[in-house]
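One structure below.
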Amino acid sequence: MTAILVSSAVSLLVALLGTPALIKFLERRHYGQFIRDDGPEGHFIKRGTPTMGGLVIIIALVLGYAAANLVELRTPRASGILLLFLIVGLGLIGFLDDFEKISRQRSLGLTPWQKMLGQAVIGIAFSVAGLLFADRNGLTPASTRISFARDSLIDMAFLRGGNGSFSLGGATGLTLAGAAVALLLFILWSNFLITAWSNAVNLTDGLDGLAAGASAMVFGAYTLVSVWQSNQSCVYGHPDIVVNTCYQVRDPRDLAMIAAALMGACFGFLWWNASPAKIFMGDTGSLALGGAVAGMSILSRTEFLAVILGGLFLAEVISVILQVVSFKSTGKRVFRMAPLHHHFELGGWTEVNVVIRFWIVAGLCVVAALGLFYAEFLVS
């Protein structure tokens, strides 16, 4: 527990103290946010606000995780390294997108295809590594099974039998074709989750403090989930753990350290990102945080639980999808403007009211998800 607290505290301090230094650096170079002319009128005054604040979140995360490992004189485990790779990789794509916007002074940076290609490359590397590197207990960071609060019976590695001698993501007795199909399906599934979550947080990051505050709640919840999984681990937990209720999750302590570090980094950044924001996280931060949600859900075997945990992000995405589908099919809009937070802004809510009420929704989603997580443990 000490390492987890250290991880959160170090990240909080780095983000809290490092963000003003980044603000000054960005202001000297005039690296400010470009605001669309067709957006809400109240946002025009934000033009020129420093962006790419996600850099300090990522740096705080890495330093917090490193400090936690240093305190316990341990080396980072595979799951931790893999999750950091995903977060930093997506953050790099976001950084390139932000830099393109700033240098060209426009609201669009990388093209959608360039973003998708970058996300796919990072996602494929994450997926393959997640299934191929087992520890001495045979546990791999990821699993071919679809999960809610733990692995379910729905397995992408379903081609077994005969002389099958291949293993993948915990599945054994696979034929060569079975292993290939399972790997392909898992890559597609993982990339879907990574793309969906990174874009969901990106869409939510449209009001001062909204994405940072909601993300802090989600990662706070994942800290609790990972600590619980560590204590109730089939491999690393107490010897009296009941087999039916224990968790087959590799390196849950590392996941808890990273989740705690992300929570601390988001809170530290939020101090400067709250209305009126002195800095925006940009795509550098939103893509990284969204990727972190996806990676945590895959590595902790909570893929569908994450849908409830991040319910606010999901609502923002659905609002955009409904708006686009409705306008293209009927010529009418469902909302005044999408994503959903702009709909309420144009309805007369102040920006601060929207953010606080959306934080309440995010908190309720987190509480509901944690309740379901514990209920699943009780009935297992």
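Even glycines carry a Cβ here, placed using N, Cα and C.
All annotation found in TrEMBL is predicted automatically rather than curated by experts.
The annotation transmembrane segment is assigned in TrEMBL to 52-71 (among others).
With a threshold of 8 Å between CB atoms, the same-chain residues lying at least 6 positions outside the transmembrane segment (78-96) that come near it are 52, 54-55, 58, 61-62, 65, 109-110, 115, 118-119, 122-123, 125-126, 129-130, 133, 135, 141, 194, 198, 250-251, 254-255, 257-258, 282-288, 290-292, 294-296, 299. What TrEMBL records for 78-96 (among others) is transmembrane segment.
Sequence annotations record features per position, and here TrEMBL assigns transmembrane segment to 116-134 (among others). Below 8 angstroms of C-beta separation, residues 78, 82, 85-86, 89-90, 92-93, 96, 110, 140-144, 167-170, 183, 186-187, 190-191, 194-195, 198, 287, 291, 295, 298-299 of the same chain, each at least six residues beyond the ends of the transmembrane segment (116-134), sit close to that stretch.
The annotation transmembrane segment is assigned in TrEMBL to 166-189 (among others).
Under DSSP, N202 (Mg(2+) binding site) is assigned to a helix (H, G or I) in the three-state scheme. Taking the Cβ of N202 (Mg(2+) binding site) as centre and 10 Å as the limit, one finds 25 other Cβ atoms among all the protein chains shown. Taken from TrEMBL, the feature Mg(2+) binding site applies to N202, D283.
For 209-228 (among others), the entry in TrEMBL reads transmembrane segment.
Within the chain, the transmembrane segment (255-273) has long-range Cβ neighbours (under 8 A, six or more residues past its boundaries) at 3-5, 7-20, 23, 53, 56-57, 60-61, 64-65, 68-69, 79-80, 83-84, 208-209, 212-213, 215-216, 219-220, 222-223, 225-227, 229-230, 249, 279-281, 285, 289, 292, 296, 299-300. Taken from TrEMBL, the feature transmembrane segment covers 255-273 (among others).
Taken from TrEMBL, the feature transmembrane segment applies to 306-327 (among others).
What TrEMBL lists as transmembrane segment is 356-379 (among others).
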Contact ranking winner - 52-71, 209-228, 306-327 against the transmembrane segment (356-379), Cβ under 8 Å:
209-228
Which state, by DSSP, holds D283 (Mg(2+) binding site): helix, strand or coil?
helix
Using a Cβ-Cβ cut-off under 8 angstroms and a sequence gap of six or more, which residues of the chain neighbour D283 (Mg(2+) binding site)?
G54, I93, G94, F95, D97, D98, G109, N202
